[in-house]
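Engineer: Take a look at the following structure, please.
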Amino acid sequence: MTPQSLYKVPSDIAENALVNNDQYKKMYQESIINPEGFWREHGKRIDWIKPYTKIKKTSFDDHNLSINWFYDGTLNASANCLDRHLEEHGDKLAIIWEGDDANEQRKLTYAELHTQVCKFANALRSQGVNKGDIVTIYMPMVPEAAVAMLACARIGAVHSVVFGGFSPDSIAARVIDGKSKVLITADEGIRGGRKIPLKRSIDEAISNPDVTCVEKVIVFKRTGGDIDWVEGRDVWWHSLMEVASEFCQPAEMNAEDPLFLLYTSGSTGNPKGVLHTTGGYMVYASMTHEYVFDYKADEVYWCTADVGWITGHSYMVYGPFANAATVLIHEGVPNHPTPARLGEMIDRHKVNILYTAPTLIRALMAEGKEQFSSYKGDSLRIMGSVGEPINPEAWRWYHEVIGHENCPIVDTWWQTETGGILISPLPGATDTKPGSATRPFFGVQPALVDNMGDIVEGTGEGNLVILDSWPGQMRTVYGDHDRFALTYFKTFRGMYFTGDGARRDEDGYYWITGRVDDVINVSGHRLGTAEVESALVSHELVAEAAVVGYPHDIKGQGIYAYVTLTRGIEPTEELRQELRQWVRKEIGALATPDLIQWASGLPKTRSGKIMRRFLRKIAANEVTNLGDSSTLADPAVIDTLIESRLNKTE
């Protein structure tokens, strides 16, 4: 590792951080050697109605799979996010909201948010919602989305948030699986200057003949646009709130009572409902938010994720509110109407902590540094990355242009299934390397195993597994515990299989190499697609790249690259050859792409995740049955890629 590629903890951060490197090592060691003692102490960071005496009862045996934390304690998640802050922080801002139009802004204190949540919790009860019922939420990025979630938690209902861009079929599948009687939506959302017909999508979902459970649809009036209305079923949010009481006693929930369902996106077949429970999740979301972002009282924290994803749940709602944070919520996208929007919002709201995704960083990179010429960024202290491995070139650009080389970057690795961050730098403790998620959080025991399940010691590469449970871990796949065991615990017995590959370097740092199915076997040698993608994107003319394997007569698999060039650059055969040589130089001859297809856009979900299964099929010339593309932000991208594919057979 060259000295230039190691970014030391800034001295001012180290002096004032929650933990330094020595403290991290001591706490981590304790959390592994004595997990019960460690979590017995740190479980106290949230408020309990009946304090726990039992800490951990877990088994990763796929025949006897069970995960229980703090399991004789009782609590309420909503009370932990609101009530416990009222005495000291009632007047503190809980939410700063900025609309798609920057001129539209709202602010809510903790006392005001508490009132809204209590009233809506009573409104839900008036519509027949009881403890244990699953309520489907399909909302835009407005404060009422968080209000709806916290109101469900307050009365012991289980929320199932569906991202506000999913298709009616996707909504229907989730409603059917959860048997939701009550749905919560808005007339329309606004995103990137466009109106999103949320209520229309809900109406279409309910018209599915298999949806027979829905009794009520609560509609928040966001735009006032024309919508269809079903008398007796549809009810306005504001009408319910006008008559709802401001007092709602929080329900006493067992630590292992369900808090929410969140369905994993992009899976084939039936949706997979990831079930998270109350106690362990709240402890873990709260603790990781404070330690990973080194959160200090009175700081403004901005997570750009949508509430429909796990990042929005853990690091826009439950973690920050449990810590009495001031949370910036943005309705739109941070590069609309211009790429300067991100910087403008950081300056306008004096944001101290920013948590965003590599896909946005690369999009901003492609627009050029000049978009940030008037950006000050002097309030910013910590920056985070989430959603996929960040390539080193994007990491450095983020560090230089957004962070002015002063802000540590926490490159966080975790999953919907993990509930919270598992591997990440801590700002005051961890020297960072661009592209590495670095070291595990407290209580997390990662390991690498080969394809036979044998542990890889020291430096090496393999399948990333976790050897023991942590409090934020999912408990089951809703309604299908066998599927939970099969998906995560049968591949490598007695271990949680993440589905990702990773390598560990000489410093014990972890580098996520991508999904295991994103590994290409070229002439018997394994290559992580993320590595080839990073090499391509490090070229100054490349904005984005996605790499997949395809059948090759000689090598077994060849390397097929989809490349998006920076704005204004024309694709040429000369540039294609230059990029092949560039990768050869960066990684080695083995990694040289066999085929490079120019791509004006890549197939992405609305959260920015590249859907590689489409790219693999197109590269393999299997274009007649690509499967459901309804979750893509722009399904038309697929047709363009098919038309210009390079592996056609006549």
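Glycine too: its Cβ is placed from the backbone N, Cα and C atoms.
Per Swiss-Prot, the features are:
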- Arg191, Gly192, Gly193, Arg194, Thr311, Asn335, Ser523, Arg584: CoA binding site (BINDING)
- Gly387, Glu388, Pro389, Asp411, Thr412, Trp413, Trp414, Gln415, Thr416, Asp500, Arg515, Arg526: ATP binding site (BINDING)
- Val537, His539, Val542: Mg(2+) binding site (BINDING)
- Lys609: N6-acetyllysine (MOD_RES)
Engineer: Whole-number Å only: compute the distance from the Cα of Arg584 (CoA binding site) to the Cα of Val537 (Mg(2+) binding site).
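Structural biologist: Cα-Cα, rounded: 14 Å.
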Engineer: Hey, how far is Thr412 (ATP binding site) from Thr311 (CoA binding site), Cα to Cα, in Å?
Structural biologist: 11
Engineer: What is the nearest of the binding-site residues Gly193, Arg194, Thr311, Asn335 to Arg515 (ATP binding site), using the Cα of each?
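Structural biologist: Out of the listed candidates, the nearest Cα belongs to Thr311.
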Engineer: Nearest to His539 (Mg(2+) binding site) in three-dimensional space, by Cα, is which of the recorded positions Gly192, Arg194, Pro389, Trp414, Lys609?
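Structural biologist: Its closest listed neighbour, by Cα, is Pro389.
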Engineer: Select the closest residue to Gly387 (ATP binding site) from the following binding-site residues, measuring between CA atoms: Gly192, Arg194, Thr311, Asn335, Val537.
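Structural biologist: Sorting the binding-site residues by distance from Gly387 (ATP binding site), the top entry is Thr311.
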Engineer: Please tell me which one of the recorded positions listed here (Gly192, Arg194, Lys609) sits closest to Val537 (Mg(2+) binding site), measuring Cα to Cα?
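Structural biologist: That would be Lys609, nearest by Cα distance.
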Engineer: I want the residues beyond Val537, His539, Val542 whose C-beta is within 8 angstroms of the mean position of the Mg(2+) site's C-beta atoms, in chain order.
Structural biologist: Glu393, Ala535, Leu536, Ser538, Glu540, Leu541, Ala543, Glu544, Ala545, Val563, Leu579, Trp582
Engineer: So of all those recorded positions, Pro389, Trp414, Thr416, Val542, Lys609, which one's Cα sits nearest to Asn335 (CoA binding site)?
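Structural biologist: Out of the listed candidates, the nearest Cα belongs to Lys609.
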Engineer: Cβ-Cβ under 8 Å from Trp414 (ATP binding site), same chain, 6 or more residues apart: which ones?
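Structural biologist: Expected: Val386, Gly420, Ile421, Leu422, Ile423, Ser424.
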Engineer: Would you mind checking how many other C-beta atoms are within 10 angstroms of the C-beta on Arg194 (CoA binding site)?
Structural biologist: 12
Engineer: Taking Cα atoms as reference points, rank the binding-site residues Gly193, Thr311, Pro389, Thr416 by distance from Val542 (Mg(2+) binding site) and give the first.
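Structural biologist: With Cα distances computed to Val542 (Mg(2+) binding site), the winner among Gly193, Thr311, Pro389, Thr416 is Pro389.
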Engineer: In whole Å, note down how far the CA of Arg194 (CoA binding site) lies from the CA of the residue listed as 'N6-acetyllysine'.
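Structural biologist: Rounded to the nearest whole number, the Cα-Cα distance is 21 Å.
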